[in-house]
Amino acid sequence: MNNYLRKLVEGQHLTEEEMYKAGLLLLSENILESEIAAFLVLLKAKGETAEEIYGLVRALREKALPFSNHIQGAMDNCGTGGDGAQTFNISTTSAFVLAGAGVKVAKHGNRAVSSKTGSADLLEELGVNISSTPNEIDYLLEHVGIAFLFAPAMHPALRRIMKIRKELNVPTIFNLIGPLTNPVNLETQFVGIYKRDMLLPVAQVLQKLGRKQALVVNGSGFLDEASLQGENQVVLLKDNEIVEMNIDPENYGFSRVKNEEIRGGNSQENAKITVGVLSGEKSVYRDTVLLNAGLALFANGKTETIEEGIKLATHSIDSGKALTKLNLLIAASNEKLERVN
C-alpha cells in the first residue's frame, strides 16, 4: 500500500490495475485503518479518474456475494449521495414508480452516510425487510419486479471501510462507486452524482461495465438527482456512444422549484413523503419524482423520449401500480422464502 500512497501524495494517478490491487488491499484484513483513511483522503484530494474508479469497482464486485441467476433486463437507479442537500429519498421513491411501469429494479442502497435518512432507513420504516439473500433477491426481482440490495450485506468486505467513511464524514470515492458496485448483472442504469466533473468518467465506467444504456445526471445546485431548480447536466450512454446533454425541467412542463423546498427529514418524515407521492398526492415531491423516474424510464429504453418517460411515470403513480409495488415488496420481503434458499 505504501507505493500507492506515495503516488497519491505526489499527485499521480493510479492505473486501473494498480487501483484494482489497491482495492483488494483495502478490503483485506492486512491493512491499518489509518492507511485506509489516508488512501481515501489522498485520492479525493487528487481527484478520481475513470480508470481508478473502474479498478476499484472490479475489486468490490469480485468480493461481493455471488448471484447465481442473472435476471434479464434489471436496472438500478441508485445515486451517489454526498450532495449535502438533505432532500427526501428521491431515487428510492422513484424506484417504485419504475417497477410500476414494468421495469425490474435491483435497488442498491445503504443507511444514511452524509444525509439524515438513507434508502435502507426509509425502506425499514415502510416495513420492507432489507435483509434479503441473493436467492431471495432473485425471487423478488422475478415475481415482484423490485428488490432492495443492502450494500453492507452484499459487500461484507466493506465493513471496516464503512466505519471509516462514517468517521471521515466527507464524500469519498466510495460515494461515487456505490451505484457501480451492484452485484446484479444490470442491463441499464440511471445514476445521480454529486460531482459535475465526474459525469463523463462515471459514464465511461458504465460503458466498461457493459451497460446497454445508461444516463448519468448532476442536478441543478449540484444535486445527485435531477432537480426542478434549473438546468441539469446529463451524460447519456446509448449504442456504446456517450453524449452530453442539458435537461431543463421547464421544457417538460414543470415549474422551477428550489432544492430547499424538497428537503426531507428523519425516516418517519421521509416515509410519509414517499407514501404521499405513491398515493398520487400533488406536490413538489411528486414533480421531482416524475422528472427523475421519467429520465430513468428513458435511460432504461422503456420509452423512446423523455416526454414519454414522464407520461409513463405519471401513469405508474396515478394507476396505483407504483404503490402496489411497494405493498408487494413489503409483503414478499417479509415472507419465509425457504423455497429459494
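Cβ coordinates are placed from backbone N, Cα and C, and glycine is handled just like the others.
Annotation comment: Swiss-Prot describes Gly79, 82-83, Thr87, 89-92, 107-115, Ser119 as 5-phospho-alpha-D-ribose 1-diphosphate binding site. Under a cutoff of 8 A between CB atoms, and with a sequence separation of 6+ in the same chain, the neighbours of Arg111 (5-phospho-alpha-D-ribose 1-diphosphate binding site) are Gly118, Ala120, Asp121, Pro152. When secondary structure is read from DSSP and collapsed to three states, Arg111 (5-phospho-alpha-D-ribose 1-diphosphate binding site) falls in the coil class.
Listed in sequence order, Gly118, Ser119, Ala120, Phe150, Ala151, Pro152, Gly178 are the same-chain residues at least 6 apart in sequence whose CB falls under 8 Å from the CB of Asn110 (anthranilate 1 binding site). The anthranilate 1 binding site annotation in Swiss-Prot covers Gly79, Asn110.
What Swiss-Prot records for Ser91, Glu225 is Mg(2+) 1 binding site. Taking all protein chains in view, 26 other C-beta atoms sit within 10 angstroms of the C-beta of Ser91 (5-phospho-alpha-D-ribose 1-diphosphate binding site). Taken residue by residue with DSSP, Ser91 (5-phospho-alpha-D-ribose 1-diphosphate binding site) is part of a helix.
In the three-state DSSP classification, Arg165 (anthranilate 2 binding site) falls within a helix. Annotated anthranilate 2 binding site per Swiss-Prot: Arg165, in sequence order, evidence recorded as sequence analysis.
Under the heading Mg(2+) 2 binding site, Swiss-Prot lists Asp224, Glu225, citing sequence analysis as support. Glu225 (Mg(2+) 1 binding site) is surrounded by 31 other CB atoms, counting those within 10 A of its CB over all protein chains shown. Classification of Glu225 (Mg(2+) 1 binding site) by DSSP places it in coil, neither helical nor stranded.
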Among Gly79, Thr87, Ser91, His108, Arg165, which are recorded as binding-site residues, the nearest neighbour of Asp224 (Mg(2+) 2 binding site) by Cα: Gly79
Distance [Cα-Cα, Å, rounded] between Ser91 (5-phospho-alpha-D-ribose 1-diphosphate binding site) and Glu225 (Mg(2+) 1 binding site): 8
Arg165 (anthranilate 2 binding site) versus Thr87 (5-phospho-alpha-D-ribose 1-diphosphate binding site) - Cα distance in angstrom: 20
Integer Cα-Cα distance in angstrom, Gly79 (5-phospho-alpha-D-ribose 1-diphosphate binding site) to Glu225 (Mg(2+) 1 binding site): 7
Among His108, Arg165, the most crowded of the binding-site residues [Cβ within 10 Å]: His108
